[in-house]
Amino acid sequence: MDLVSRQDPYLQEVMWFAMCCRALTLLLQASALFNLLIPDHAADAFSPPRLAEPGPGDVLLERLLGGLSRWDAEHFLFIAERGYLYEHNFAFLPLYPLSLRALAEVALWPLGGLLRLRSRLLLSAALLNSLCSLLAAAALYQLGCLVLRCRKVAFLAALLFSLSPANVFMAAAYSESMFACLAFSAMWQLEKGQSCLSGLLFSLASGVRANGVINAGFFLYSHGKGFALQLQVGSGSIRRLPLVWKQLLSLASSALLMCAAVCLPFALFQYYAYRRFCSPGPGLEQAVPEPLLQLALDKGYHLAATSGVKPPWCSQHFPVVYSYIQDTYWNVGFLRYFELRQIPNFLLALPVTLLVSWAACTYVLANPWHCLTLGLERRKSEEGEKPRAGFCCPAVLVYMVHATGLLVFGFLCMHVQVLTRFLGSSSPILYWFSAHLLQEHEPLLWSEGTDDQTLAPHSEKHLLGKAPGSGGKGTSENPLGRLLMNCRLITPLSKCVLGFFVSYWLLGLILHCNFWPWT
């Protein structure tokens with residue numbers, strides 16, 4: 001039975017709430033009030049010169065959406081317009097800027113007479129990220145219904161996603177929205193048993209962000225778990241070894257093939273960079289306008305090695321430009337960020353670090369044996385029993401391991417302040433655990449039903465009254481809206497969780513859109 005119907009009123013409310021939050025985000029980032037209160041910071045960030053004189057339409061669009069083009073957004077917009085011109089541009093994978101260029105050239109082609117290419121790219125970013133955010137929220141809800149087997153927690157988690165602490169990066173010309181959309185959709189399809197479609201989506205995700213290659217682990221675990229549990233089915237009689245080996249070889253080959261497909265876009269991009277910088281040919285030469293050449297001289301940016309001088313990473317045993325750029329340009333490496341002057345950035349990352357760490361501890365304490373055996377053992381006591389629902393259910397294990405791995409790697413090896421958007425766009429755990437805490441400890445959510453309810457029929461009443469979508473579109477019809485409307489009555493824990501989401505949602509808009517450092 002399909003657990004999530006197309007007419008699901010909860011899904012409709014998720015989409016409506018996501019649409020309202022995205023519209024409010026775009027409205028606030030364009031607000032003149034923010035610019036009056038906080039003037040733009042003179043940041044030492046990538047800022048290429050505009051080679052064409054802007055028209056009235058370009059000036060208006062920059063006024064309305066200029067807040068979406070700050071910091072790394074300049075890289076994506078520049079790549080979409082000029083291609084991979086400078087060496088450090090290769091830190092940003094190609095699928096997102098390619099999508100912006102396609103949307104600007106095809107869908108927004110009629111606006112060519114009013115807007116120059118860069119303005120159409122900026123408008124494309126706002127439209128594409130809005131769409132991807134809506135789809136990501138829907139995919140997260142449907143993934144939660146399958147994994148958690150508790151519609152209430154899945155619904156609340158999807159609503160929290162629309163108030164994500166990484167909200168400004170979901171709206172700006174960054175790749176987070178597209179990555180979240182592809183990753184959550186791929187996880188959902190894998191849970192449904194659609195391995196081929198899931199593999200395609202995971203593969204596209206690895207063409208958006210480099211950490212997409214880690215998602216190959218979902219395939220390895222899914223295939224390995226299926227094989228391990230299959231071996232334990234039966235009466236325990238002597239098995240036919242040739243059949244077992246045949247199944248094992250078939251499983252290994254299909255899993256490795258899927259993993260190779262997931263990693264292929266990233267590998268091809270590294271090969272393209274190698275050809276551009278280490279083995280340049282006549283067909284790869286690119287004419288560089290004089291102002292961009294001057295920018296390279298002024299800032300020390302490296303262009304493709306047309307003069308025969310190759311960068312040092314070309315002579316490495318594994319010439320991977322991505323790791324070289326992270327090391328050389330951004331000083332990314334093990335414990336390199338552990339300095340006294342970075343304490344403010346560690347404080348910025350503290351809420352998400354505590355939440356995900358708390359989630360890991362909660363899950364391990366609730367399922368010690370399941371975690372110890374990696375969920376590969378079929379326990380006799382569980383056979384025939386109804387599966388546990390909610391955040392601590394067995395199916396969450398692989399997502400918990402994924403989130404914990406990202407947290408540990410990001411905390412030790414990355415610029416720690418990016419953990420909020422890193423985890424917020426890559427893992428559902430941040431939203432599932434936050435929804436779990438609210439559902440477990442907030443009396444306002446106990447008005448109807450119990451937390452151990454699994455997926456209910458659509459005719460069942462909503463936990464806070466009538467089901468969403470049954471009339472109107474007010475915020476009082478979803479649990480998050482009720483908590484926000486009654487913020488003075490909620491528990492201190494709920495205030496902390498919602499305070500983190502709402503404050504980062506708003507502060508990110510105020511600071512990031514005015515070129516001030518943020519996560």
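Cβ coordinates come from backbone N, Cα and C, glycine included.
Database features, via TrEMBL:
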- 15-38: transmembrane segment (TRANSMEM)
- 121-141: transmembrane segment (TRANSMEM)
- 153-175: transmembrane segment (TRANSMEM)
- 196-221: transmembrane segment (TRANSMEM)
- 248-269: transmembrane segment (TRANSMEM)
- 346-366: transmembrane segment (TRANSMEM)
- 396-416: transmembrane segment (TRANSMEM)
- 496-518: transmembrane segment (TRANSMEM)
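Taking residue pairs at least 6 apart in sequence, the transmembrane segment (153-175) and the transmembrane segment (496-518) share three or more C-beta contacts under 8 angstroms. Long-range neighbours of the transmembrane segment (153-175) within the same chain, counting only residues 6 or more positions beyond its ends whose Cβ lies under 8 Å from a Cβ of the stretch, are 10, 13-14, 17-18, 20-22, 25-26, 29, 67-73, 76-77, 92-93, 95-96, 100, 121-122, 125-126, 129-130, 133, 136-138, 140-145, 208-209, 351-352, 390-391, 420-421, 424-425, 428, 431-432, 434-436, 438-439, 445, 451, 478-480, 500-502, 504-505, 508-509, 512-513, 518-519. Long-range Cβ contacts of the transmembrane segment (248-269) within its own chain (Cβ-Cβ under 8 Å, at least 6 residues beyond either end) map to 90, 93-95, 195, 199-200, 202-204, 206-207, 210, 212-213, 215-216, 219-220, 223-224, 226-227, 322.
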